[in-house]
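Visitor: I'd like to ask some things about the structure below.
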Amino acid sequence: MSVGELYSQCTRVWIPDPDEVWRSAELTKDYKEGDKSLQLRLEDETILEYPIDVQRNQLPFLRNPDILVGENDLTALSYLHEPAVLHNLKVRFLESNHIYTYCGIVLVAINPYEQLPIYGQDVIYAYSGQNMGDMDPHIFAVAEEAYKQMARDEKNQSIIVSGESGAGKTVSAKYAMRYFATVGGSASETNIEEKVLASSPIMEAIGNAKTTRNDNSSRFGKYIQIGFDKRYHIIGANMRTYLLEKSRVVFQADDERNYHIFYQLCAAAGLPEFKELALTSAEDFFYTSQGGDTSIEGVDDAEDFERTRQAFTLLGVRESHQISIFKIIASILHLGSVEIQAERDGDSCSISPRDEHLSNFCRLLGVEHSQMEHWLCHRKLVTTSETYVKTMSLQQVINARNALAKHIYAQLFSWVVEHINKALHTSLKQHSFIGVLDIYGFETFEVNSFEQFCINYANEKLQQQFNSHVFKLEQEEYMKEQIPWTLIDFYDNQPCIDLIEAKLGILDLLDEECKVPKGTDQNWAQKLYDRHSSSQHFQKPRMSNTAFIVIHFADKVEYLSDGFLEKNRDTVYEEQINILKASKFPLVADLFHDDKDPVPATTPGKGSSSKINIRSARPPMKVSNKEHKKTVGHQFRTSLHLLMETLNATTPHYVRCIKPNDEKLPFHFDPKRAVQQLRACGVLETIRISAAGYPSRWAYHDFFNRYRVLIKKRELAKTDKKAICRSVLENLIKDPDKFQFGRTKIFFRAGQVAYLEKLRADKFRTATIMIQKTVRGWLQKVKFRRLKGATLTLQRYCRGYLARRLAEHLRRTRAAVVLQKYYRMQRAHQAYQRIRRAAVIIQAFTRAMFVRRTYRQVLMEHKATIIQKHVRGWMAHRHFQRLRDAAIVIQCAFRMLKAKQELKALRIEARSAEHLKRLNVGMENKVVQLQRKIDEQNKEFKTLSEQLSMTTSTYTMEVERLKKELEHCQQSPGEDSNPRLQEEVESLRTELQRAHSERKILEDAHSREKDELRKRVADLEQENALLKDEKEQLNNQILCQSKDEFAQNSVKENLLMKKELEEERSRYQNLVKEYSQLEQRYDNLRDEMSIIKQTPGHRRNPSNQSSLESDSNYPSISTSEIGDTEDALQQVEEIGLEKAAMDMTVFLKLQKRVRELEQERKKLQVQLEKREQQDSKKVQAEPPQTDIDLDPDADLAYNSLKRQELESENKKLKNDLNELRKAIADQATQNNSSHGSPDSYNLLLNQLKLAHEELEVRKEEVLILRTQIVSADQRRLAGRNAEPNINARASWPNSEKHVDQEDAIEAYHGVCQTNRLLEAQLQAQSLEHEEEVEHLKDQLEALKEEMDKQQQTFCQTLLLSPEAQVEFGVQQEISRLTNENLDLKELVEKLEKNERKLKKQLKIYMKKVQELEAAQALAQSERKRHELNRQVTVQRKEKDFQGMLEYHKEDEALLIRNLVTDLKPQMLSGAVPCLPAYILYMCIRHADYTNDDLKVHALLTSTINGIKKVLKKHNDDFEMTSFWLSNTCRLLHCLKQYSGDEGFMTQNTAKQNEHCLKNFDLTEYRQVLSDLSIQIYQQLIKIAEGVLQPMIVSAMLENESIQGLSGVKPTGYRKRSSSMADGDNSYCLEAIIRQMNAFHTVMCDQGLDPEIILQVFKQLFYMINAVTLNNLLLRKDVCSWSTGMQLRYNISQLEEWLRGRNLHQSGAVQTMEPLIQAAQLLQLKKKTQEDAEAICSLCTSLSTQQIVKILNLYTPLNEFEERVTVAFIRTIQAQLQERNDPQQLLLDAKHMFPVLFPFNPSSLTMDSIHIPAYLNLEFLSEV
């Protein structure tokens, strides 16, 4: 990009101007290299020829495009130079009234000299939590950035506020501290933030004064450290001060004043407590009247003095100390008015002893009058040999007096600062701090002295730190983006600092000259000339020998050396100080005492360290007067180094205050003064550093969106935006040094963005020209087409005539040709048809021949395939049979071998004696059972034999019949006549024989394939179907061919076979039915067993059966059962039970029963272990009592009985199982006897075997359990016998007697019951003891809290004055008596209420007693009349559920825990909404029914406390909060609906009226629940707002709902500052809608009242409106036409969502009205008077201030948009001035609409509510 391209025609530039500093002009001619001048046109249309320095080739600065003017950040400007900065600040300040502007990391604040409404609490909350670049520039944004970085990076922060006097430094620092006090308020009740703010009035009173530039100028520098704890709450503060201007105490220039405190004290001199100060008007004192006017316009010194006194009181300064402070200040005024008279010799002077001011001075300070009078006029000289007292001249006395006054004020200033720090000090550990530095800016006056030198020296140090920090940030940004870092040459003021503070520098030479006895300012100046004349930062004035010039970073400053030495020495005579030390007032003596700090580190009024102690610079009081103290310059240098160390250890934030004019006019801008300050404060240096590198930085996405018009269409097809940006820039900007590609951004040199904007504008301009060209061309084409159409019409008519004549000729010719064509066509068509028919006939015959040949071949192949299939099948079948026979032989041999081995083992075992013993055990019973079993088998054998004989007879008869029929058929006459029929019969017979053989083969195969039962049955059925089909076919053929008798017999035979098949099916279904009956019987037996188990007590054997018999029964039963089972299995195997199929449900139930037995066994095992442990404990410590011996016998009896129960139950199950097996075997036998049965039961056999094995395992475990019980009994008996008890026989006379089992069990139950009673009593006593301990602990905690409160009150009282202590004590006593009175009233009301309840209960009980007596008398009379001889059983009548739930008092805590504390909303997803509320009401109703008021009170109190506890624990869970809001409201509605009040019962049913409360009025609890509902509602809103608030700004204002609508403007440094968090936190509108959908779903699912849901969304929509509008009012970048369109679209989407959810009646849309009008305002036309009227009539919901703010913020995003003119805004203000709008700019986002809970009765009745089991509320019983 060449210079000629930049400086072309119509380019605007800046040229210097003596009045306006810089002036805008426009080139009228293109510039070419080598031209000596530029042709310019000024803004007033004046033509100017601007000369150019050809040697330097220095062209004028280019002007930025209009779209960049008015940016929030100066670094966003494309051309970064002084005129661009000045113009941008001027436009923002004058046109938009914006006083804050960013310049990189610096906030530029211009003093408006007018109070603006931008510092309220609402603005603080709007900036809280926001990123710095997201909002408009503000001091609150800088404070929030510092606070956020402190919390995130855990690093200390500093805010450096600098500027000229009157620029607004103090106000900016005050607002920053106010922000910290609001956002980081203290967590305790110390209100430390109020104390921090209260220090400002005190410091302004004693440190601020009126100057020619500022009415409230700070004459000292201060650094306030605000300390924070780990939660970032303010815990304390500390203040350090620097370089108090002491000379102002004794001298003021014209139109200036002394420090405010002097005038405030004089204004309050008429107060009674200040009579002793002897003060009058400020004009009467010398120290307050030198400047002329002693008042300030608009300032009331008396009111300010009252605020100062209040601040002193708030900071804990006692009244006595305040009076002492005011006495010292008054004494300084009196000291300045002391009259000093010169003597005639001129070398001495005197003071009149009757001088009133000196007397007042001595009286107020408590010093001796004569000594002070003497030493004010004399001084002491100490030599090595003697001491002299020397008189002083008049000037020397005046200087000494002034020095004493300055020293007294400086010491007082230090004391006040020290006590402020003590008040702000905290004992808590400081985690981090934020420092606010309010320090003087660079100063240059006509006469500059020592104070200006120190101030400018401090600014040099701060500028050096600022430059290095800016340089460091730039380097970090480059490194982060991986940009090659090249060293930027920036101004380094280290040489100037070395000139001042280095060895033999200005300060060093000054200190050296101060040590010289007769050193003078002239000698010091001469030394400076000699030493530093060669320095580039030092110059000597031409016309002076006592001045010198220092070239600072901001400007050249000429300092006059007169007074430098005296001010640096700060001499105060020791004799005067010693008099003040001897003061009778402790405070005065303490100010000048030696033990404070012998080596102070600061100047007068500045802090010595980062701690609290603040000390002035004064000579250390040594014995010798010759010792030199540290000079003011040395102390200032030391304190400045400490300050720089502190600042370097923190993260700095810079605020540069600019004074726009010297006349203090509101919103008046003086360019000269502004440029001077911009140069001095380092803003232009920041611009220069930025411009030296790559100042303009764009994110790839933003660059793509902004400059996509410059991208070619083929490049837009790419998906990688970085690659597109790279290619575009490489094509547009040829010089690669003009830009760099970072990791996330593109870096541009200065001016490149303007060049791109120019290309973009040119592109748009070219497109506009193209559109204009096209439109104009279209208009010309329309005109041309009109002329052309007329011409063509004439030509058409002429040519038409000629054409018609030609057409007639052509028509005739055409007709002849057509006739010829059709004739020829007819002849050709006939010939073609003949040839075609012949060809078709030939083709047909040929194709038929080929098809027949192919068919014969296919038929032959098909038949051959069938033959091969059958042959191969027969061969495979034969091979399979061979293999199967071989496998069977091998299996038989293997099984025979195994059987022989087992037989051998059994024979060996049978010969053993142990086996014989086991077999003989219970042999008698087994013999009986075997005999019984033999009888049963004989019976079964007889029945089976009978069935077999019957079956055999029927079978023989059937065979005979069939043979006869066959013979009859053979002898029939049709045999000879029809040989074909005989052939058919023979084939049929062979077919039948083949079918029978196949059937036998299949039956054999089915008997071996056990696992394929159902498939085989299906195959048989299919084969039967095939046989039937074949038979039907044969029958049909026979019927068709012959009508003889054989055919009829065949039909009858087929019908009989069908009938048999149907009978077989019916038998199968009956068998299934029997299975189901067996299953039902098994269920009944199981239910019966469970009922028997549930009956209390033990089932015992008959009394004649002993325990030995029961022991011997078990093996006999088990062996018989084993035998039965094995016999049954063997029988099933013998009769072919492989075909027997049992229903799977029976087997599953058997397995279930086995599992139950397993669980029973485990329980018995656990009980056994517990018994063993108890027995071991009893054996170890057994008391000598007779009753306890019954326990082991009872345990033994209990165990034996339990074992018998298990054995009998096991036996029943075994018998049932055997019966079931026998039934199956019988059925299988019947099925096997019939030939056509397809059923198979092999599957059941395996399952039964498995079940049998599992039962055997369980039986063995029961046997092991029994042996363990017996062994435990034996061990217990052995332990008892082994005890060395001598008197055992005597003490147990009945021990050998046999104890009956019934008696033992009864004794055991008695002991158990006694134990339970004792345990219950012990638990009750321990519970009472725990409750009593808890009660005592609560009382102790309450007493401790009361004592702590009293101690705090006592400490606070000690800090007050005596009168305040008395008043405070009276107030405390009044509050105490009031509380006691209220408590007594409450107690009286409770007692009266209880009395009324007791009276009511007494009446009820008396009535019940009367009824009972009458009923008893009636019953006695009836009993005498009708006395029954037989016993009658009275049965209880079952009643319906009455909608009441009963619980015991001790279960109340469990009820609250299960129903409130531990309940999760997800558990009740499928239950009735608000189920906990209904359950609680049913419990309350039962307590009301039983007239138990304590129970009602306890339940409701516990419920409310439980709900509060849950909500406190889940204070951020929306679902939980919504759940309990719905339940609390439902409980409130239930208490209203069933209260008995007719107003609430209008919608109740008769059943619901029965559920009303009878005894109690719970109105008070309804109010408590209503309050609780309000609290929950507020918590719900808070949670929802917390979820939605981070989304609102991004979704409503920043996200592009309509793609491509919004443009992107260049962004400044703040968009890439550390305030921007990493990651994309953007949200879209769909995210808000999804979140509100989730809220709505949760509330609806949990049964929240619809009215409350409407109120919730009304509140949320108001919050969306407030947050969006507040951000719109504080952000310039979003106030554009496209944002208005986006807003209207987003609002319409929200309205559509409301309508879709049927929430449009909530009033939520009305709350969005201000935002809707703001969006319309952004889109309306803003030019004419009519536009202003339309805006005023439309924006009725916006205040005047908001309308004007939006118009001021309106920013065009493209060149074709226009800014809102100042004149139009003034027109709007004039039309809206009649409105009485509030002054508040922002909406209150925390405002909450009052919530209403309308009565919403439930249609459910209490008796219809079911309590789910998962709530674990089994202890609740239905009434």
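Using N, Cα and C of the backbone, Cβ positions are placed for all residues, glycine too.
So TrEMBL has the following annotated:
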BINDING   G163, E164, S165, G166, A167, G168, K169, T170  ATP binding site
COILED    896-947  coiled coil
COILED    1203-1265  coiled coil
COILED    1319-1438  coiled coil
COMPBIAS  1102-1122  compositional bias 'Polar residues'
COMPBIAS  1167-1180  compositional bias 'Basic and acidic residues'
DOMAIN    8-60  domain 'Myosin N-terminal SH3-like'
DOMAIN    69-761  domain 'Myosin motor'
DOMAIN    1501-1778  domain 'Dilute'
REGION    640-662  region 'Actin-binding'
REGION    1093-1124  region 'Disordered'
REGION    1167-1190  region 'Disordered'
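Context for these features, please: burial, neighbours, distances.
Guide: The Cβ of A167 (ATP binding site) lies under 8 Å from the Cβ of A109, N111, N214, G441, C657, I658, K659, Q677, each of which sits 6+ residues away along the same chain.
Mean pLDDT across the coiled coil (1203-1265) comes to 56 in this model.
For the domain 'Myosin N-terminal SH3-like' (8-60), residue counts in helix, strand and coil come to 0 helix, 26 strand, 27 coil, using DSSP.
Distant neighbours of the region 'Actin-binding' (640-662): 89, 93, 103, 105-113, 139, 142, 145-146, 149, 153, 155-164, 166-169, 172, 176, 213, 223, 240, 242, 435, 437, 441, 457-458, 461-462, 465-466, 469, 601, 609-610, 668-670, 673-674, 677-678, 681-683; these residues of the same chain sit at least 6 beyond its ends, with a Cβ under 8 Å from one of its Cβ atoms.
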Visitor: Could you work out which of the binding-site residues (S165, T170) has its C-beta surrounded by the smallest number of other C-beta atoms within 10 A?
Guide: S165
Visitor: Would you list the other residues of this chain near ATP - those whose C-beta lies within 8 angstroms of the C-beta centroid of G163, E164, S165, G166, A167, G168, K169, T170 - in sequence order?
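Guide: Everything else in range on the chain: N111, N214, S217, S218, G441, C657, K659.
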Visitor: I'd like the per-state residue tally for the region 'Actin-binding' (640-662) from DSSP, helix first, then strand, then coil.
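Guide: Tallying H, G and I as helix, E and B as strand, the rest coil: 9 helix, 8 strand, 6 coil.
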Visitor: Cβ-Cβ under 8 Å from G166 (ATP binding site), same chain, 6 or more residues apart: which ones?
Guide: N111, T211, R213, N214, S217, K659, K664
Visitor: Under 8 Å between C-beta atoms and at least six apart in sequence, can you list the same-chain neighbours of E164 (ATP binding site), or say none if there are none?
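Guide: Within the chain, E164 (ATP binding site) has Cβ neighbours under 8 Å at R213, G441, F442, E443, C657, K659, Q677, A680.
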Visitor: Please list residues from the chain of G168 (ATP binding site) whose Cβ is under 8 angstroms from its Cβ, counting only those at least six apart in sequence.
Guide: A109, N111, C657, K659
